[in-house]
Amino acid sequence: MDIQLTINDISLKVPEGMSILDAARTINIDIPTLCYLKLNEMHYNNNIASCRVCVVEIEGRRNLASSCSTPVSSGMVVRTDSLRAIQARRAMVELLLSDHPKSCLTCAKNQDCDLQSLASELGVRHISYEGEESEFEIDKSSSSIVRDPNKCIRCRRCETMCNEVQTVGVYSAVGRGFETVVKTAFDLPLSQTACTFCGQCIAVCPTGALTELDQVDKVWKALNDPDQFVVVQTAPAVRVALGEGFGLEPGTIVTGKMVAALRRLGFDRVFDTDFAADLTIMEEATELVHRIQHGGRLPLLTSCCPAWVKFFEHQFPDLLDIPSTCKSPHEMLGVLIKSYYARTLGIDPKSITVVSVMPCVAKKYEAARPELSQGAETADVDIVITTRELIRMIREASIHFDHLKEQEFDHPLGESTGASVIFGATGGVLEAALRTAYEVLTGETLEKVEFEVLRGMDGLKEAVIPISGRDYRAAVIHGLGNARTVLEKIRAGESNYDVIEIMACPGGCIGGGGQPYHHGNLEILSERAQGLYREDRAKPLRKSHENPAIIGLYKDYLGEPYGERAHKLLHTSYVARKKI
Amino acid sequence: MCDSASPNQFAQKLDSYIDSLTHKKENLIGVLHYAQEIYGYLPDNVQWHIAQRLDIPSATVYGVVSFYSFFTMIPRGEHVVNVCTGTACFVRGAEKLKEELENQLKIKAGETTPDNLFTLETLRCVGACGLAPVMIVDGEVHGRMHEAQDINEVLAKYRPES
């Protein structure tokens, strides 16, 4: 049933149950918000009305109403622009600022902060209130996420993301009154919790309370160390988001400019994680076939995503034998740079620094896992920076990004196919695997390489693909809450999938916690995905097993896929962890 | 508090209470009440255990425990002394009463005496406004606590006879 109401003298009809905020938006009236955030595609809705910034005046009602949480009612007369509403909003923001550090100039979120832009938008020119300021310890315990509760405005967006979308439940509002702040259980450092470091809390945090652990200076130091040979690699999802940092439209493919920028920054070699994505397909597809032929446990779960890996280690420690043992692509490339490539160049692996540019903050934690190294002193990957950090580096070096001439990755670890570039979007790994599995198992050419059914933002996508007389039951999941639902079915023996791709972040890596901030606009994620699919279509080779550099690598160095040397270098093991 | 029972017996008691509940997650506050009754307080490991048994995040349990002043994460003394800081008591000198108790017990509100005899806390309105200001010891209300001498006499009743 439609409800008739009036907003700022404009009469309108909207469906019952709609909030005043959404109703106003249908007639292009924007009401400022801060804590409120709705991401339909993720089933995320944070409308706890804690900030009171979206207040409006309703005729006949004594107090102001928060428009994000108040539903419309018949005959309602709303004013969003009355002096009382405007003054109240400004007062709310001033109150928030009175207990907020005034260190905007040096804050990691400077010019990317919702509180800062709101203060500007509302014309806050001074803070009328003086009072106590919170003093909390900054948590730098993890290799991925920095928590500065002093900058927390108690909007609880992170808590909603962590509890409801990801079902990890690391955060909760703790305490009451002025002392209330979002914390971990028992004030534990993040490193001692079940945090997966997916970074989706960072992606929705409106202020600098949650940010990635900044490694930019470490990279500058390595680049300026004459004794270090510094090699960089870039993940698929970076090339369709990096341009956003330089005013380009989301989804713009900037691969060539990115390579040029990295060379300008001083990296000795610029390799592509896409190469290792092709390699992952070879290893994972062979592992799947091996499990099927030898009666191994099914389904095989992909293991490219470190946040997903940590999730199952904490939440499903009884199922550690079902994920693929494949290392994630950048770890595979890291170990190859320090073994195969070091040998080719005749360099001691200890004098090589491998830097990964990732859309992800969990990759920082992953690189520090002891399993992912060849001895205590030689980590497969030394430093991980996010897309955001690379943007900062390019700016710091005063490079005119948009004017750069496009360049190509170095050979041979920079060669890749279209199959690998789609790894960056949800469904991409499975689609790439099917392109190879089909041809390897049937010996026939796959004419239509696009598997549309595996693309898009649905939380769970399923397909039954007949190959050589056997039906392969495949599923694609993104978002850890969706993963939990399916994992619980597997635990209960109610699932009959053969293979499942799982990514922690909604949308896959294009929506990673290390990407440029989307500020609630998920259209950006679709644009980035479309960018990857365009890049795939433009590639002359679109199947991983056709990558000549991959064929050469097996021939010269690795031997058979899933063979002895591949096992030693490219596969890993998992650890049962406590749920806290 | 079950003084004679071992921690293991506490855990068994708590578990069988949780087992008896049809709706577990919904009964978090009830379970916390019960656990505090058994253990005397809610240490981290008990909160963690409850989180696992109720299948809710331990951060959520911690959030609830930290919100309600009734719940305590610090072991309490043998006798719990509460000062009402509700409006009526506040107007009639609750602050002075609290300071006098802090003075006599040589601890701050929220703390426990080194001999583990008294814990001093504050709460809001026990509905005995006519007797304001009031202090409550182990649930027993003592009214019109204006004088240091009266306060001392109440505390003496709870001290072991020497």
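Each residue, glycine too, has its Cβ placed from N, Cα and C.
Remember, predicted model here, so these are calculated numbers, not experimental data.
Per TrEMBL, the feature [2Fe-2S] cluster binding site maps to B:C84, B:C89, B:C125, B:C129. According to DSSP, B:C84 ([2Fe-2S] cluster binding site) is assigned to a strand segment. In the structure as shown, the Cβ atom of B:C84 ([2Fe-2S] cluster binding site) sits within 10 Å of 29 other Cβ atoms.
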Residues near B:C89 ([2Fe-2S] cluster binding site) in space but at least six apart in sequence (CB under 8 A): B:V83, B:L97, B:C125, B:C129, B:A132, B:P133, B:V134
Count of other CB atoms lying within 10 Å of the CB belonging to B:C125 ([2Fe-2S] cluster binding site): 15
